[in-house]
Amino acid sequence: GFFQSHAVEVELKDASNATCLYGHWMMRFLITYESNNGDYKNTTLNLSSNATHNGSVCGNDTEAALVALQFGDGHSWSINMTKNNETYQGEFITLTYNTNDTTVFPDAKRKGPVTVSVRDPFRPVQLNTIFVCDNSFFIEGENVTEIYWNVTVQAFIQNGTVSKNESRCPSDTPTSAPTVPPTTANVTTASTTTLSPAPTTAPKPVENPDTGNYSLKSGNKTCFLATVGLQLNVSQDKPLLININPKTTIADGACGNTTATLKLNDGNSTLIGF
């Protein structure tokens, strides 16, 4: 309720009424769209309480499993998963958002459904193992940043029993705490692991961040240029300074007539939006 997003819980059963697929997760979508006056605006699409999973199937040795969700005013989301003799794996994650939903897109220039499909970024999971990811992670698509957290999924369940064996995502390290998902596009979220310094050694000062040159193009012309060094000061039990490395940071975004959005993704669960 506080984040205006609802949890998804899906349990599919086969012909013998045995559980064949189980999933529980939360998700949110940050979307950049063009308004009627040519500006590019950011909006947040949250999962609503009226979500259904019509069309979802368990899958088998020859057919992919499919989780298909329908929610809100004409929005939908799906993931298909395949397996081999030893593992199962997500293939494509597909979001269709409806810009006719004036609550989310009050002044969208383009009307109707827009579909964005991306590959599942995670490695295969062993059969009879449940995939777990408590910390938030980001998946970038065309004009969409997909954010997921508190994820628990197992496909191709054997003997109708959800496994107790876990496969953790990279951001779930033993010393990390679950990160708080962002509520708007213009936020900074960092998932980090800290190491306690040796008692007799003073912490090493963090050097100034390297300067990066980040730019966006509209057609063949550069429409946004930022030359900046970025350092994050994360408030935890002990303050943590993080330098953004220009060599591993990807710039994305869009330019409008009167507004522009620059998104920087360092590839390590840190997303910065201007």
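The count begins at 1 with the first shown residue.
Placement of Cβ uses the backbone N, Cα and C atoms for every residue, glycine included.
Unlike curated entries, TrEMBL annotations are predicted automatically.
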*asked:* What does TrEMBL give as the disulfide partner of Cys133, choosing from Cys58, Cys169?
replied: Cys169
*By DSSP, what is the split of the domain 'Lysosome-associated membrane glycoprotein 2-like luminal' (209-271) into helix, strand and coil residues?*
3 helix, 38 strand, 22 coil
*Of Cys133, Cys169, which of the disulfide-bonded residues has the most Cβ neighbours inside 10 Å?*
Cys133
